[in-house]
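Enquirer: One structure coming up, written as structure tokens, with questions to follow.
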Amino acid sequence: MKFILDGLTVYFPYEFIYPEQYRYMLELKRALDAHGHCLLEMPTGTGKTITLLSLITSYQLAHPEVGKLVYCTRTVPEMEKVLAELQELMEYRNKYLGPNPPPIMALGLSSRKNLCIHPQVAEEGSRESVDAGCRRLTASWVREAALKSPDIDTCSFFDAHEKAGQEALLPPGVYTLHDLRVFGRKQGWCPYFLARHMMSFANVVVYNYQYMIDPKVSQMVSRELEKECVVVFDEAHNIDNVCIEALSVSLRQQTLNAARRNITKLEGEVRKAQAANRARLDEEYRRLVGNLVEAQQLRGGEEWLANPALPEDIVRESMPGNIRRAEHFIGFLRRFVAHLYERMRTPAVVAEGPASFLGGVQAAVAVDAKTLRFCYDRLSSLMKTLEITNTDDFGAIQMVADFGTLLGTYSRGFAVIIEPYDERLPHIPDPVLQLSCLDASLAMRPVFSRFQSVVITSGTLSPLNLYPRILDFHPVSIASLNMTLTRDCLCPVVLTRGTDQVSVSTRYEQRLDEGNLRNYGRLVVELATAVPDGLVVFFVSYSYMDYVIARWHEDGILADLMEHKLIFIETQDVMETTLALDNFRRACDAGRGAVFFSVARGKVAEGIDFDRHYGRAVVMIGVPYQYTLSRVLRARLDYLRETFQIKESDYLAFDAIRQAAQCVGRVIRSKADYGLMVFADRRYQRHDKRDKLPKWITSNLKEAHMNLSTDMLMVVTREFMRSMAQPVDRAAAGKGLLSQEAVNAIWEQQRQQAKQAGLGGGSVAMEGMVENRRCRDVLFLLLFVAYWVGMFIVCGIAFQSGDPNRLIYAIDSRGMLCGSVNTYENTTIDLTDKPNLYYLNALDLLKVSNLMYAKTICVSSCPTVQELCSIGQLPCTSNDQYMCPYYRFAEDNLYGKLSSVNSTAAVNYWDQLPTAQLDSCDGSFLQAAQSTAGLDLSALGVNVSMCDVAAGSSIGGKYLQAQSQFPGKGPCYPVWASTVPYFNRCFPKFPENFTSSVYSMMDTTSGVLQSATGTLKNAFSATGPQFSQHVADISKGVLIIVIGGLACGVLLSLFWMLVLRYFAGFMVWATIAVVNAGLVGCTLFAYNTAGMLTQAGQWGAAISAQLPPMSDPTGMTRENWSYIAYALTAVAALVFLLTLVMLSRVKVAIACIKVASQAVSTMPSIMLFPLLPFILEVGLIIYWVAVTAVLYSAGTPTDHWRPATQDLQPLSLKELMLTNSSQPAPPATLKPDTTNMTRTEVMDLCANSPDCYISYDWDNRLMYAFIYHLFGLLWTNQFIVGFCSVVVAGAVANYYWARGDSRNQPTFPVLKAMRNTVIFHLGSIALGAFIIAVIQFIRLVLEYVDKKTCNLQQQNKIAQWLMCIVKCLMWCLEKIVAFINRNAFILVAVKGGNYCSSAARAVQLIVANALRLAAVNVVGDALLFLGKLGVAACCGVVAFAISNLEYYNNQDKYPATYLSSGIMPIAVAVLAGYIVAQIFFSVYEMAIDTVLLSFCEDCESNNGHPKCAPPLLLEALGEKAPVEAGQDAHHPQKPQRHR
């Protein structure tokens, strides 16, 4: 079929495709798009090979810049299979591409043994013999000699190929090894050298792993491959072991004996050369005096194995002088071999590092590491100089040279292990010297760095998580695919017990137990009776298999087994095993049935398929752990733990389970096949083992098929075999397949979704960002809407019950509203001409506790200077200088003036006051007022004997006038200070001499309340003019605020972001260094102040000498400073330790800051987005305050009496003059009994009492409405914050999951994020906001309770501590939940999930990445806070500079803009700059958090290796960002989007 896959046209040579094949192609294409590596596990038998070939060849066709497909296999049969499938694919593809399809060249490359067509050489037995035979006929000196002597044989095929030269070309096509041999015979050309030559022209090359991994072969064969190649390692579950073997060398005594013989033979050849042709040796010496590159050029056409070291580790310098001469080099080899032979004679096992072993070599042989590094190159040069062609005879000395070269090259990643005997056979001496590679990544690192895409794939890669760590690479795609089955043709089971209910296991303590072996035997016999045709049994090792089979033979189990099936056994001999396999298949074909006993990690387990009837059941006896006492394994485990932090148990379980999966996977090779998989060990029941199996196995492992005994297993087996014997439902089988129409429909659906999501019409959504979203948490959105309906109802109640005029105008002490028409006892009181509230006694305002009780009246205008009667002018004689409480005198007409009183008359006002108003006449008061205060009462016509005269109306009025103007007791009060109207309130503006006047009057008194009167000048003097000047300065300095605050704030914020983008690393490290240095400095200062440094020896005295001199503190001070020093030491140590712990994560923090800067810079509109929530917040606050204010004005007038415990009385001049400090303040008036009084009488009583005030109070209905309204404010405020968080997170997350490519983002990312938020996520925001609002409301309730129980807490310390603890815990809870909320909103924006699942996932990520989050948050918050302060400070400097311009300082020239002081405009500019920075950096802070959490999610979802991290983050992790071919690293091409 031909279909579209994520924008790529794919040619697939079958009518249908499996869903897992489609998903596999998606993952593979994702890696190719990203120019990265991938790790993919696909179930066996689902067409992995054809899937790979179809996708990659189609990708090559669509992207000509992509290089070769280099397909690496393990065996020659697998290579032939790949090429055969490729032939079929190309035939199918050419049908679609027309008569002139693009030519393709694909070929396989193998050793000479598999490609040689020379009659004699091809008959050689081993690969080494064929290689030697070929060199004997093709070496350059042999061919040169043949030109002179026709008797010398050469290879005619090679000669013909060389003669054809560049014309020796293969026609386009796909060539298997057989095809190459056929073509070679036809053309007379050597197939091996033809294939090597055609690699440069090929589109697809298929060869063995070693051609890519082994340096000795890869430098010779794969050196010319271009970087753009795509390298595939198929069946790569053991790729780490292949890498280890490629760089490891083992020497035995037999090898060293053969090496000695080789040295002797080389010595003889050198003597012959010296005698026959000395010039050749001299020429070689002169060449070696030069550099190594020249030597390589000289041997470029020869077919010798290359240096065993990796290319980048080969030294590029001249050959050491001590081995340039052939005889010197042979002497060195002889000494070196003798030393190795001597080391082998050790009686005990020796394990040491290369450096230690090299030290012994240097002492014994007198050579250094450099000489050893050239060992292999010098041997190759000598053998070519001596024209030795039979290289297979010199294999031993070549191994010694390998050993020496690797030993001299690598100091890490290798171990030298000498074992005098095999521990399993200690009585047989068999010494072996091993240079074992411990680090598989050494061999793979050049592959990953050299080629842009490397695919590691197999059917049994699980567990996947360790491969990236072992091989040290960062895949962009890691996936384990499941198998879609239309019938249960796969039946994995776990056997834990035998028929006797005794557990079965191969663990060391139990493996040789008689009952255990018997149970395993009976298991195999029982399965043989129920399973038709072939049965395969895998053991953990050859030795265990031999022991078990021997015991089964003794117990008669094998005889029982032979009654049902024939038995065949794998041996370590290849020929025997091949014959056994052939007979096994013949027995199955004949219907006799057979059992094949094999071994995990053996040849059969790695490469033989038991498909169809050859393997209807497979039994894995035990868990195939490696031999844990192996010295090589122990050394590797230690290295993995120290270098990659991989635990020993993790690696052993990883290796054992992948081997077990490989064994059981042999029986299922297609979906039409079926098989039973028996894991016969109780340890498979444990999650740490079972969960490491491939997903396609565990998904078919039913709960009922675990923890089985043998008899239970047989029930399952018979049922499974019976069901599999039924005819296959073809219709059902078709449901598990995708047709061309179905695949194209999937693409079309993805394209439409991408188009709707704003990604354009050509690609599907990027991975990580879910595009197919749906509404979440709808219930809470409906609840939020319903709550706001209730808020509007509260608004209606407020405006219905409240009176907005009460907010504009105040109420007087009688409860009447100024400036309005009032009703009093069915009488209309019109105060519309009296809008201002006047405080009768200005001194009442000086005590906060008195403010509510201050007596007030409504006046038409506030008294000014004209009505002023200063204290120095007493007594006041003009009636205009008095303000009287009209409600105290007008008994008949409460608010009308007495008709007989003329308020403007000088005397009548007081003379006509009725005597009844005079309750008593205090003659002593008059006497004291006249004598003590020096007040002249004669001006009022008052004398001290008045009280002795019969009371009359005129006398009463005179007395009240005297009492009113001086003591301040009323009923009237002099206007002692002019007033200023603010919000319809008359506030006193005390004159400059008011305080001094009061003080002068207090000179004769006890000085009571000096502190209160002393604040009068500071609080009230000249406040009006100063306030007016400041307001005028602000209005004149608008340009300063706009330029210095707003414009400069914007520019500086952008500049700070730019600095963080490019210099984040420096700033972060500088911040960390300054913090640690500052703490150390403070600590030393504390120790020095405590006098402890001088007692700490010479170093302490030296440090103390560098610090500023301090005066000798007292003993108490020294002790306090010592405590401070200890505390600072603990803090400094803790911060230093945290710094060390987080050092490795600071790189990620820096990268997150840089990526956030990049993301914000790609979408400038996101900086303006905070204006929307800002406007919403302002609108919310205005609405809430307005409704609250109107609600506050509702209620009924209520009298409030001063508490009896409060001893604060109204401040008056009587107190200032006549109250001694020794006298207690008079107590408050107790609330009278108002039971039988009317409401009007109560109000009148309260109005005339100095200890009572009237206010409008709420009933329960209004109180509940306010509580409802308050919670609405909290909830809505958090809702707006959450809305802003989700939108910003959605926009920034688009950048992250687009791999940092802004061109791969939506056209309008902010609008798209806002659209998603509004349509899908308002419910989740409402839920998260509700949780925070509830916690905030509880905190407010606690504050209210705290205030109400203040007296109780003062009496009960336990209650006080409990309240403090609860408040602290609630504060912590709010911060924690807010942090989780913030991260949950990010995941809501990324994944589109509901709030609860997002919060749960956020908690998981926070816990799993605690240190990483801490590092980023601490560093990010510190930098942003410094940025805000820096922006605000710079705005202040700019504003100061502008304010100093002549435009603002020359009053004569620029009177309209002259500033009395630049302080206020500068202060407002600083505040504006900080607000601007806060707006900008709030987005920036959210961007950092989004990038970090997306990175954590990316890592956690992909086994610790992010797929979609932008290049900056990849660089922080040590991996280069992928770059398109031919593109600069700063200008990558646009990658394809994918789902």
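Each Cβ is built from the backbone N, Cα and C atoms, and glycine gets one as well.
Relevant sequence annotations retrieved from TrEMBL are reproduced here:
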DOMAIN    7-283  domain 'Helicase ATP-binding'
COILED    256-298  coiled coil
TRANSMEM  778-799  transmembrane segment
TRANSMEM  1037-1059  transmembrane segment
TRANSMEM  1066-1087  transmembrane segment
TRANSMEM  1123-1146  transmembrane segment
TRANSMEM  1167-1192  transmembrane segment
TRANSMEM  1266-1297  transmembrane segment
TRANSMEM  1318-1338  transmembrane segment
TRANSMEM  1422-1442  transmembrane segment
TRANSMEM  1462-1484  transmembrane segment
Enquirer: Any chance the transmembrane segment (1266-1297) and the transmembrane segment (1066-1087) have 3 or more Cβ pairs under 8 A, given the pairs are 6 or more apart in sequence?
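Expert: Checked: the transmembrane segment (1266-1297) vs the transmembrane segment (1066-1087), no contact.
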Enquirer: Hey, which bits of the same chain come close to the transmembrane segment (1462-1484), Cβ under 8 Å, at least six residues off its ends?
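Expert: Distant Cβ neighbours of the transmembrane segment (1462-1484) are 1030, 1033-1034, 1036-1037, 1040-1041, 1044-1046, 1048-1050, 1052-1054, 1056-1057, 1156-1157, 1160, 1166-1167, 1169-1171, 1174, 1288, 1424, 1427-1428, 1431-1436, 1438-1440, 1443-1444, 1448.
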Enquirer: For the domain 'Helicase ATP-binding' (7-283), would you mind checking the mean pLDDT of the predicted model?
Expert: 88
Enquirer: Restricting to the same chain and to residues at least six past its boundaries, which positions have a Cβ under 8 Å from a Cβ of the transmembrane segment (1167-1192)?
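Expert: Same-chain contacts beyond the ends: 791, 794-795, 797-799, 801-802, 804, 807, 1160, 1262, 1265-1266, 1269, 1272-1273, 1276-1277, 1280-1281, 1283-1284, 1287-1288, 1310, 1314, 1479-1480, 1482-1483.
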Enquirer: Out of 778-799, 1066-1087, 1422-1442, which stretch has the largest tally of CB pairs under 8 angstroms to the transmembrane segment (1318-1338)?
Expert: 778-799
